């Protein structure tokens with residue numbers, strides 16, 4: 001049985017004699033390191049069990065984390081440097097059993113000492129490592145020699161750790177403001193362009209009833225609400241209790257009053273239930289490997305990440321994805337179903353679509369082309385692969401897959417999709433002339 005780890009303190013003790021002398025910046029940094037350590041512990045423990053509680057972003061943006069921006073940056077950077085940090089600690093051998101029980105906090109602080117904001121270090125754990133600074137820097141120097149490199153940047157390359165740049169995109173929450181007004185308000189977070197294409201591909205109309213089958217954290221849910229102009233009804237399902245909280249926060253922040261959040265497994269929702277007899281569209285964006293969003297998720301930096309270990313996980317994910325899509329196809333009044341992933345893996349994308357084609361046909365569904373002018377389509381492993389859409393991890397900076405099923409006899413989206421696509425491109429061109437990077441106003445709920 002493994003040794004239990006001590007809880008990471010999230011609040012500095014009021015009994016410490018020097019606490020009242022901390023500057024506001026030092027106090028903020030102190031809290032951020034401890035909040036980051038809690039998030040990092042959750043990530044690493046979930047990774048060790050191969051049962052992730054959520055993505056880094058969803059964990060950081062939970063209501064319990066106060067300093068979200070600093071926490072997100074610290075967690076991401078510490079994960080990026082984690083192989084180096086672990087090797088430095090191993091070489092220096094400075095941690096007593098007391099501090100080993102708080103190893104995530106030690107990782108965070110060592111990142112700041114070696115690569116971050118040493119000037120803002122305050123607290124007992126920080127003081128302990130600062131006293132060992134010479135030994136830790138000597139261990140880093142030995143590591144550089146052992147790896148036969150001169151600079152830390154070269155060391156990162158030797159660990160095959162990349163720092164891919166990513167352009168910034170945003171989607172305006174039209175439930176609260178128009179695009180032109182938003183241009184002067186851009187701040188903080190961003191949303192990927194490809195993820196904004198999913199709700200548009202579904203093309204829900206005002207007054208429709210729609211199911212968002214795997215809704216958390218809720219960005220696509222509130223995009224559906226905006227496309228429906230706040231009318232109709234969206235049933236947003238989420239199985240995980242913690243992610244339900246995040247979903248509710250997103251919906252409330254966006255002002256999406258036509259969304260009903262359900263803490264329920266989509267697979268347990270009966271198509272024969274009269275409550276769903278009027279559902280006309282389903283958006284299915286199930287759990288996936290996230291291989292198309294490596295810049296955001298940093299899954300490739302987790303200790304368990306290897307090509308071999310990922311195969312078994314992909315097979316399990318694909319089985320769930322296929323089952324969820326088969327279930328969506330069985331709702332009797334549904335006219336349109338979008339299946340999407342943020343994965344570049346064929347097993348989660350074309351393979352899933354190919355496996356359900358006979359069932360889809362038996363229910364009267366067929367694949368329909370979305371965004372006809374988009375150049376990147378599906379892998380040619382089945383007839384109709386040209387209807388599905390891919391975004392490229394290199395060309396588009398993120399890898400997404402989108403497929404649209406339409407029940408035969410229902411008018412295709414055609415002009416609606418083209419008009420929305422042309423609007424998105426026109427807005428993007430205007431933004432590019434005015435600003436160089438794009439950020440979201442999460443604090444006011446104006447942008448999502």
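Each Cβ is built from the backbone N, Cα and C atoms, and glycine gets one as well.
TrEMBL labels come from automatic prediction, so no person has curated them.
Under the heading region 'Disordered', TrEMBL lists 1-26. For 16-26, the entry in TrEMBL reads compositional bias 'Polar residues'. Summarising the annotation, TrEMBL assigns domain 'SAM-dependent MTase RsmB/NOP-type' to 119-408. Look at TrEMBL and you will find 214, 215, 216, 217, 218, 219, 220, 238, 265, 285 tagged as S-adenosyl-L-methionine binding site.
Counting only same-chain residues at least 6 apart in sequence, those with a Cβ under 8 Å from the Cβ of residue 220 (S-adenosyl-L-methionine binding site) are 195, 198, 199, 212, 283, 285. Taking the binding-site residues 214, 216 in turn and counting surrounding C-beta atoms within 10 angstroms, the largest count is reached at 216. Remark: of the binding-site residues 218, 265, the most isolated position is 265 (fewest other Cβ atoms within 10 Å of its Cβ). Among the residues 214, 215, 216, 217, 218, 219, 220, 238, 265, 285 said to bind S-adenosyl-L-methionine, no two Cα atoms are farther apart than 19 Å.
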